[in-house]
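Student: Swiss-Prot lists these features:
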type	residues	note
BINDING	Cys9, Cys12, Cys33, Cys36	Zn(2+) 1 binding site
BINDING	Cys24, Cys27, His46, His50	Zn(2+) 2 binding site
COILED	223-261	coiled coil
COMPBIAS	175-191	compositional bias 'Low complexity'
REGION	154-193	region 'Disordered'
REGION	241-286	region 'Disordered'
ZN_FING	4-60	zinc finger
ZN_FING	78-101	zinc finger
Amino acid sequence: MSRHEGVSCDACLKGNFRGRRYKCLICYDYDLCASCYESGATTTRHTTDHPMQCILTRVDFDLYYGGEAFSVEQPQSFTCPYCGKMGYTETSLQEHVTSEHAETSTEVICPICAALPGGDPNHVTDDFAAHLTLEHRAPRDLDESSGVRHVRRMFHPGRGLGGPRARRTNMHFTSSSTGGLSSSQSSYSPSNREAMDPIAELLSQLSGVRRSTGGQLNSSGPSASQLQQLQMQLQLERQQAQAARQQLETARNATRRNNASNVTTTITQSTAATNTSSTENNQQSIQNSQFLLTRLNDPKMTEAERQSIESERADRSLFVQELLLSTLMQEESSSSDEDERGEIADFGAMGCVDIMPLDVALENLNLKESNKGNEPPPPPL
């Protein structure tokens, strides 16, 4: 209990250091050892103007305040996280905050939660007055008639043992230093260096556990119902989403079918239109070309000249036709004569008599008969 277990100095990075511990009430999870605090260590987020809560180990507290007496209204010395004033008790700190800083909404760390054992050392709140009223009310269950007595009392369950706040194994005590010396008034300190009664501590811990479990059960009730409601809402949303998806799919299928039919009809129409347009364009182009040729070829002339030219063209065409026909007929006749002559030559080569005209044959016969009459008879054999 002579070290701050689990705590390291954010300036020199020394862990589990001894002596006084100074916790910043503005910066989250920022602690300094005594030497760094006195030397004025700062960072980009921490300055020397930030209020600091001094926390002592149990050994240092026994060394400084062993044997002293404390009244009920003087537990410990706390620092105001808004103005940095020190020396307040729980009651006086609550009165000071409600009177001086009621309208302040800056996020600060509770010095009581940071100093008391079992409290949350980094409990940040933006309504410090309400936090003090709810969590750190003045103790009424102590025996006020005893007046001043030796400090051998337990910390109250509402101050950190009970509830959902995390526990710390080491016990810290606060002090306010004036002039280099630390003077402290503690709400929990073993007077005459006596250890805390283990039975009383166990009972207080059990009561805190019961309260925390009861709070958890009470909080779990509405959470379970809320979970059921959320599940029902999720199921309804899923069903609605599925129905919407089915509707969308049916609509998409219908639109796809309609689009397919429309596309086929449009394709046929477009092809027909393109064909007709292409034919029309071709005809127009042909007509335009004819018109252009006629315009270019036809000279400017009178009707008589045109008629004479047309008659000349007709005569020329007839002449050409007759010429072609005559050439074709001559070729056919010449070819037939040549064929006949060839055949006669072939007969002569074969020993056949040449074919001659009728008049020529008659003349030859007459000549032969006359010659026979003039010749002498042949000699007898």
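Backbone N, Cα and C atoms are what each Cβ position is placed from, and that goes for glycine too.
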Student: Other than its own, how many Cβ atoms are within 10 Å of the Cβ belonging to His46 (Zn(2+) 2 binding site)?
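Tutor: Around His46 (Zn(2+) 2 binding site), other Cβ atoms within 10 Å: 17.
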Student: Quick test of the contact rule: Cβ under 8 Å, at least six residues beyond the ends. What residues does that give for the coiled coil (223-261)?
Tutor: none
Student: Among the binding-site residues Cys9, Cys12, Cys24, point out the residue whose Cβ has the most other Cβ atoms within 10 Å, with all shown protein chains included in the count.
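Tutor: Of Cys9, Cys12, Cys24, the one with the most crowded Cβ is Cys24.
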Student: Using DSSP, break the zinc finger (78-101) down into helix, strand and coil residues and give each count.
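Tutor: Counting residues per DSSP class in the zinc finger (78-101), I get 11 helix, 2 strand, 11 coil.
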Student: Please list, in sequence order, the residues in the chain of Cys27 (Zn(2+) 2 binding site) that are at least six apart in sequence and whose C-beta is under 8 Å away from its C-beta.
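Tutor: In sequence order, the residues whose Cβ lies under 8 Å from that of Cys27 (Zn(2+) 2 binding site) (at least 6 apart) are Arg45, His46, His50.
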Student: List the other residues in this chain whose Cβ sits within 8 Å of the Cβ centroid of the Zn(2+) 2 site residues Cys24, Cys27, His46, His50, in sequence order.
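Tutor: Same chain, not in Cys24, Cys27, His46, His50, Cβ within 8 Å: Leu25, Ile26, Tyr30, Thr43, Arg45, Thr47, Met52.
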Student: What's the most sparsely packed of the binding-site residues Cys33, Cys36, counting other C-beta atoms within 10 A?
Tutor: Cys36
Student: Validating a neighbour-count step here. Other CB atoms within 10 A of the CB of His50 (Zn(2+) 2 binding site): how many?
Tutor: 17
Student: Can you tell me the CA-to-CA distance separating Cys9 (Zn(2+) 1 binding site) and Cys24 (Zn(2+) 2 binding site), as a whole number of Å?
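Tutor: That separation, Cα to Cα, works out to 11 Å.
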Student: Determine, from DSSP, whether Cys36 (Zn(2+) 1 binding site) sits in helix, strand or coil.
Tutor: helix
Student: Through the lens of DSSP with three states only, how would you label Cys24 (Zn(2+) 2 binding site)?
Tutor: strand
Student: What does the structure give for the C-alpha distance between Cys24 (Zn(2+) 2 binding site) and Cys36 (Zn(2+) 1 binding site)? Integer Å is fine.
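Tutor: Between the Cα atoms of Cys24 (Zn(2+) 2 binding site) and Cys36 (Zn(2+) 1 binding site), the distance comes to 13 Å.
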